[in-house]
Every structure is written in C-alpha cells, then in structure tokens.
Amino acid sequence: MATADPNFIHLSSPQKENGVSESPGQLDAGALFVLKSRGSWLHSGYHLTTSIVGPVIFSFPFALSLLGWAPGLLITTLQALITFYSYNLLSVILDHHAQLGKRQLRFRDMARDILGPRWGKYFVGPLQIAICYGAVIGCILLGGQSLKFIYLLYNPSGKMQLYQFITIFGTVPLFLAQIPSFHSLRHINLASLLLVLAYSACVVAGSIHIGNSRNAPNKDYSIKGSKENRILGAINGISIIATTYGCGIIPEIQATIAPPVKGKMFKGLCVCFGVIVSTYFSVAISGYWAFGNQSQPSILSNFMDENRPLLPSWFLLLTNIFTLMQLATITVIYLQPTNEVFEKWFANPKMDQFSARNVMPRLVLRSLSVIIGTTFAAMFPFFGDIMALFGAFGVIPLDFILPMVLYNLTFKPSRQSIIFWANTLIAVASSALVAMGALASVRQIILDAKTYNLFANV
C-alpha cells in the first residue's frame, strides 16, 4: 500500500486551484516548525535580499581592478541577469509542482523528486548544508574582524586578539538563532535590507569624498602584474563576482510564502534585485573610480592609510556598525537549513512547537550549532580562502547549474528551442566557472598558506 511522502504538501484537485494545502499533519517537524508558509511576496523579498546582499559587495572594486572597467561592468551585468533568470527558473519549477499537487519545500526535495532520491540525499542536501554552514562561519569571522577594526580605530595599540572579537560577536547569533521559524525573521530581514542600503551609501559617499580630496590616490586603471598574473587575476575577479550573487536557499525562501504561491516569488525577486542594482553597481563604480588598481579585497581597507583613517572616525564607526548588524542577520538566515534538519530529526511534529519536548532539543542544538561555528571562525581566521574554494564547488552548481538542469528535465523544452540552448549554455559556462573558481581559490590558498596559524591574529 502506498504511503504519503512526509516531505511534500499534497493537494487535492480543488485545493490545487486555490493553492490551499492539506492538513499539516503530513509534514515533518522541520517543514512544520521552521518552514511555515505564512509570508507574503514582500517578505520573500526581504529574505532574498538578506541571503544574497551582504558585505561581500565591499570586494566589487577589487574585482573590477582585476578585470578593468568594461569587462568588469559587463560581467557584473551579465551575472545579475543570469542570476535573476536562474532564480526565477527555480521559482517556476516550484510553482509547477505546487500546481500538480506536490509543493516542494526544500532544495533536496526538488532534487529527489526530479533527479532521483540519491541526488537529494547524497549530493544536493549535504552540499547545501555545507555551503550554508560555511556561510555562517564566514559571517561570524567577518563580524569579529569588523569589531576588531572598530577597536583599533579608537585604540591603535590595543592588545586584544581577533579570536576574542569573534567570540564576542558570536554571542549575537547565539540568541538570534532561537527565533523559531524562517517566517519569524521577516522583520529582522527588513531591517537587514535597510542596513544594506545604509552601509552601501556610506561606502559610496566615502569613496567619492576620498576620490575628490587633496590626498586622493593616483587613479590608475591599468591591470597590474605579468601576463600570467593578469589572466589568473581575471579568473579570480570573475569568480568573486559570480559568488557574490549566490544564495543556495531559494526553495526554502519560497516555502515561507503562503499559498497560492504562483507569481509571488517573482515579485520578491524584483524587490531583491532592485536592491542589488542600486548597491552592487554604486559600490563597484565609486570604489574603483576612487582607488583604481590600488583597490583592496575589502574597500574598507582603502579608507585607512597606514592605520590613519582617511575619513572621520565617526563615519567609519557608523559604517562598521551597520555592517556588523547586517552580518548578524545573514548568519541567522543561513542557519535555517541546519535548523530545519535539527527539527526534522529531533522534534515531534505531533506536539506543540513550544512544548518542553520540542523547545529543549531546539535550544541545545541551535546553541551548539552557533558555538561550533564561532569556534571554527576563531580557530581558522583564514576560513575565507577555504570558503572561496567551497563556493566554487557549491554555490555555482546549486545556483547556476542545477536550476538549468531541473528546468529542462521538468518541462522538457524542445532541443530546437531557445530556452533549451540558453539553459544548456549557462550550465556549461557555469561548469567552466567552477573549474576557474577552484583554480583561483587554490592559488590564493597557496599564496596565503604561510600566514595560516590556528587562532591567528590577522
């Protein structure tokens, strides 16, 4: 006798038309408690913006310095268009299955249903968890570095070490991680969207001020280095731009939308990409214009000249506070996939979400998750180099290869159609980008290996 798959919401025919799901009793605890479908399209826009837009945009001027004006802006624009297209494809696939009566709530659900059970269980699921948890560690590390920057700004001879700042910052997501569901983050993620606009405006204003000042750096837009280094640098620049558009949790975000879901994610994507266009390009253009090929991997480093701030201390403090606050929200949003897995394994869906039976394991496991992530960030302050390698092998396949494959397998477009060949071309080009990104990441790891020490004060 057939059994109901607990990982999907099954709909009867009248319910399919109205987008109303059956009793939540079919859902496992992860879907029932963490992926509550109560949000609007606007809420999805907040979630998308927090998951994609972050302090990684500070690396855009550096990426342009590796590529030059025309190639850099062209690749940034193309990547934005491809990303919007890719994420919209995922949303269309999810809408399609919801209308057929199987609403997929997680990336691994999509892979299992379209590619087969092993793809979801052994490839997509573990890959997504690894990437998202790596993002958690990376955000905690960046938060610690931002705290240290503020500390040295007002106490240049201070003796506190980086791992101490990482530990301090880690206490913030330790509390925020206890927020019960993804949908519960909607107001926090609205604040995150506003913080992105705030610190982007600060960076743009700071770059323009320095670029027009008497002590403005020499504006040299030539690409430095030998021919070999320029080629490797260009590969690195392309990889940086591609991974800054990464998300990895599109199905989980769409799962938070209340049915009927059709068309709502597209509106959320429009909100998100409105923020992306206004921040990515403004930071990239103003930063590269001001500092040229002297742009640092983080534009904030260009605001200091041999430990002497080029901008008022209060301005740098404000920029870093905005950044710190938004890093905390990003950390929490990327904890959601592990939170969902914990709930699925250890919570009882037949009992109330806030019963002692479900609250205790939630409190312990989510706290341990943040504590372990904070420990890794403190121990491996060079984790950014490692994460770049994982990004090449994880973010690009999840966000720019898999959607094309899933769409072609779901809708089976004619091999003579434009959409089939567009999807195939994007998948092939993204596969090449995986190889290039891995090459650039390994090269950077080799260059930085001499600085690798546990609990290094970098």
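Quick reminder: no glycine exception, Cβ is built from N, Cα and C everywhere.
Marked as domain 'Amino acid transporter transmembrane' by TrEMBL: 38-438.
Here TrEMBL flags 46-67 (among others) as transmembrane segment.
The transmembrane segment annotation in TrEMBL covers 73-98 (among others). Listed by sequence, the residues of this chain that lie at least six past the ends of the transmembrane segment (73-98) yet keep a Cβ under 8 A from its Cβ atoms are 9, 11, 19, 48, 60, 63-64, 67, 104, 110, 113-114, 237-238, 241-242, 245, 247, 250-251, 254, 259-263, 265-266, 269, 273, 276-277, 280-281, 284-285, 399-400, 403-404, 406-407, 410-411, 423, 426.
Beyond the transmembrane segment (119-143), the same-chain residues lying 6 or more positions past its ends with a Cβ under 8 Å from any Cβ of the stretch are 54-55, 106-113, 165-166, 169-170, 172-173, 248-249, 324, 327-328, 330-331, 334-338, 341, 369-370, 373-374, 376-377, 381, 383-384, 386-387, 390-391, 394-395, 397-398, 402. The transmembrane segment annotation in TrEMBL covers 119-143 (among others).
Here the transmembrane segment (163-183) has long-range neighbours at 33-39, 43, 47, 136, 139-141, 143-148, 151, 252-253, 255-256, 324, 327-329, 331-333, 335-336, 339, 353-354, 362-363, 366-367, 369-371, 373-374, 377-379, 381, 455, 457, meaning same-chain residues at least 6 beyond its ends whose C-beta is under 8 angstroms from one of its own. The feature transmembrane segment is assigned by TrEMBL to 163-183 (among others).
Taken from TrEMBL, the feature transmembrane segment applies to 190-211 (among others). A Cβ distance under 8 Å defines the sequence-distant neighbours of the transmembrane segment (190-211), meaning residues of its chain 6+ beyond its ends; these are 45-46, 49-50, 53-55, 57-58, 61, 217, 219, 275, 278-279, 282-283, 286-287, 289-291, 299-300, 302-303, 310-311, 315, 318-319, 322-323, 325-326, 329-330.
Among the features that TrEMBL reports, transmembrane segment is placed at 231-253 (among others).
For the transmembrane segment (265-291), same-chain residues at least 6 beyond its ends with a Cβ under 8 Å from one of its own Cβ atoms are 41-49, 52-53, 57-58, 60-61, 63-65, 69, 72-73, 76, 80, 84, 87-88, 91, 94-95, 193, 196-197, 200, 203-204, 207-208, 210-211, 216-217, 219, 221, 244-245, 253-254, 257, 299, 302. Sequence annotations record features per position, and here TrEMBL assigns transmembrane segment to 265-291 (among others).
Feature annotation from TrEMBL assigns transmembrane segment to 311-335 (among others).
According to TrEMBL, the transmembrane segment annotation covers 363-380 (among others). When Cβ-Cβ distances below 8 Å are used as the criterion, the transmembrane segment (363-380) is approached by residues 133, 136-138, 140-141, 144, 162-163, 166-167, 169-170, 173-174, 177-178, 335, 338-339, 342, 346, 386, 454-455 of the same chain, each at least six residues removed from its ends.
What TrEMBL records for 386-406 (among others) is transmembrane segment.
Per TrEMBL, the feature transmembrane segment maps to 418-440 (among others).
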Surrounding residues of the transmembrane segment (386-406) on its own chain - C-beta under 8 Å, 6+ positions past either end:
82-83, 86-87, 89-90, 93, 107, 110-111, 114-115, 124, 127-128, 130-131, 134-135, 137-138, 239, 242-243, 245-248, 250, 380, 423-424, 426-427, 430-431, 433-434, 436-438, 440-442, 444-445
